[in-house]
Amino acid sequence: MWKQSHCRKGSRPLDKDLSSSSSHVSDVDSEENIKEENLVWVDERAKETWVKYDGYLVEKYGNERSNHPKFDEVSWSQAVGGINIDGLLLASYASFAFASDPSPLQDFCVADPKSPVLVNGVVCKDPKLVQADDFLFRGLNLMRNTSNDVGSNVTAVTVAQLPGLNTFGISMARIDFAPMGINPPHTHPRATEILTVIEGRILVGFVTSNPENRLITKVLEKGDVFVFPEGLIHFQKNLGHGYALALAALSSQNPGVITIANAVFGSNPDIPADVLAKAFQTNINVVYQIQSKF
């Protein structure tokens, strides 16, 4: 990371190494002999980019800062598009800075779900209208009903339930398990998950990406913590004959969830049965039977 003395306040450091030529910077934390002119060179262009970006936001959304989105991809692309580093656009490096939820540029940005403005995220409520309840969620101590086909129930606390989470890049969930219940294979497209077992004995696992598709699995006891990498298919199963409980923290205010069986066999409209039959190497009637359950 860039040392603070070389960054414009509020700007994002460039995490990516910038090669070894005189106009590039590499391994800032480990290299003590970097030339000052290289740091100034990058710092000036960072300032220039942010000034341009701010100008595009004002042009697009007006002077009222509370109406600005937490990040506007089009405006950012316009701002960085004209800066080249030996033929490589600075935009390619900027993409690393925005790989997950953007960091807040103010104390808070309480979500305003009633706003008609559509942005990548949620528009901020006027700070003067913010109340303590915007930062409060009650009821995570309550056990949920697990009388369903999978024997589990997830209580999510994302920006949709807790507006004060907006721009903070975090959320959480309570997961209740009936005896032998499962949280079926699913993925969070925008978040890494870290799970803590509060009560019970739970089998957890995730599958690595193609072509290896390796299953990594572990039995967790009370107090154990396990992490599921962002985007990978994972699951949990209560191994006990009593109820189990886990708490999960996620690295996005809106991690999203795709339950594999529901998405594949319960899409609207249906994925053509012949496609699924070939993909799963089974009879088309088996596909129809499974689809009927969703």
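Residue 1 is the first one shown; counting continues down the chain.
Every residue gets a Cβ built from N, Cα and C, even glycine.
Which of Cys7, Cys124 pairs with Cys109 is settled by TrEMBL: its disulfide partner is Cys124. Neighbour list (His188 (oxalate binding site), Cβ cut-off 8 Å, at least 6 residues apart, same chain): Phe228, Glu230, Gly231, Leu250, Ser252, Pro255, Gly256, Val257, Ile258.
What surrounds the oxalate site, by Cβ distance within 8 Å of the Cβ centroid and not counting Asn183, His188, Glu193, is the set Ala173, His186, Thr187, Ala191, Leu195, Phe228, His234, Ala248, Leu250, Pro255, Val257 from the same chain. Summarising the environment of Cys109 (disulfide bond), the number of other Cβ atoms within 10 Å of its Cβ, over all protein chains shown, is 25. Here the CA atom of Cys109 (disulfide bond) lies 32 Å from the CA atom of Asn183 (oxalate binding site). The CA atom of Glu193 (oxalate binding site) is located 23 Å away from the CA atom of Cys109 (disulfide bond).
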